[in-house]
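Asks: Have a look at the structure that comes next, please.
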Amino acid sequence: MYETYHSGWIECITGSMFSGKSEELIRRLRRGLYAKQKVVVFKPAIDDRYHKDKIVSHNGNAIEAINISTAAEILKHDLSEVDVIGIDEVQFFENGIVHIAEQLAEKGHRVITAGLDMDFRAQPFEPMPQLMAVSEDVTKLQAVCAVCGASSSRTQRLIDGNPAKIDDPVILVGANESYEPRCRAHHIVAPSNTEKEEM
């Protein structure tokens, strides 16, 4: 990624669950720290899987983070001396996160975001599509399909070992007890109970 002088930019790391998004975010943030840059990291309060005040990858790597409930809370922090701003699990924030990321970049910050691009139904997971569109750099990572070992771009939600239904709630915070990576061929979304009754 080239540096733009006198302005910031947005980097977007995306892909399915278990593709290494948080790992890559942590790696980029640590590089900033090694370069003696001032780094601040934010994460959504809803994501309390591993630690309340840290971003933790599935591999166990971690970095301190500020826990926030809404994207607007980012702007309540003094970021005047900050070089790099990290934001994890962007899909859990409201669409306003896109405008906030743009504002931060326009003020000269390097904004590094990470989040799912698709929900468990393999549908675009807002606000990631919008954020990807306004980012200077987009990295889409692949996981490995839990069924066949092929590259995986989808996240399979499992409820008691069975595929989730299409009308289940979009947000269900979990890790390997509820989700696994799948390729296009092995990704399954069960019909709703209503659809089954109509058949």
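From the backbone N, Cα and C atoms, a Cβ is placed for every residue, glycine too.
Because the structure is a prediction, the values reported are computed rather than measured.
In case it's useful when we look at the structure, here is the feature table from Swiss-Prot:
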type	residues	note
BINDING	G15, S16, M17, F18, S19, G20, K21, S22, D88, E89, V90, Q91	ATP binding site
ACT_SITE	E89	active site, proton acceptor
BINDING	C145, C148, C183, H186	Zn(2+) binding site
Asks: Can you tell me whether DSSP puts V90 (ATP binding site) in helix, strand or coil?
Replies: helix
Asks: With the cut-off set at 10 Å between Cβ atoms, which of these binding-site residues ends up with the most neighbours? Options: K21, H186.
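Replies: Of the binding-site residues K21, H186, the highest Cβ count within 10 Å belongs to K21.
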Asks: Since the record lists D88, E89 as recorded positions, which of them has the fewest other Cβ atoms within 10 Å of its Cβ?
Replies: E89
Asks: Out of M17, V90, C145, C183, which has the highest number of nearby Cβ atoms, where nearby means within 10 Å of its Cβ, if these are the binding-site residues?
Replies: V90
Asks: Going by C-alpha distance, which of the binding-site residues G15, S19, D88 is nearest to C145 (Zn(2+) binding site)?
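Replies: For C145 (Zn(2+) binding site), the closest Cα among G15, S19, D88 is found at S19.
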Asks: Hey, what's the widest CA-to-CA gap across G15, S16, M17, F18, S19, G20, K21, S22, D88, E89, V90, Q91, the ATP contacts in the record, in Å?
Replies: 16
Asks: Identify, in sequence order, the residues in the chain of S19 (ATP binding site) that are 6 or more apart from it along the sequence and have a CB within less than 8 Å of its CB; answer 'none' if there are none.
Replies: L141, Q142, A143, S152, P181
Asks: Which one of these binding-site residues, G15, C148, has the sparsest Cβ neighbourhood, judged by other Cβ atoms within 10 angstroms?
Replies: C148
Asks: Compute the centroid of the Cβ atoms of C145, C148, C183, H186, then list the same-chain residues not in that set whose Cβ lies within 8 Å of it, in sequence order, for the Zn(2+) site.
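Replies: Neighbours found: A146, V147, G149, A150, S152, R182, R184, A185, H187.
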Asks: Determine, to the nearest whole angstrom, how far the Cα atom of V90 (ATP binding site) is from the Cα atom of C183 (Zn(2+) binding site).
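Replies: With the alpha carbons as reference points, the distance is 23 Å.
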Asks: Checking your reading of the structure: which of the recorded positions E89, C148, C183, H186 lie inside a 10 Å Cα sphere centred on K21 (ATP binding site)?
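Replies: Candidates kept after distance check: E89.
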Asks: By CA distance, which of the binding-site residues (C148, C183, H186) lies nearest to D88 (ATP binding site)?
Replies: C183
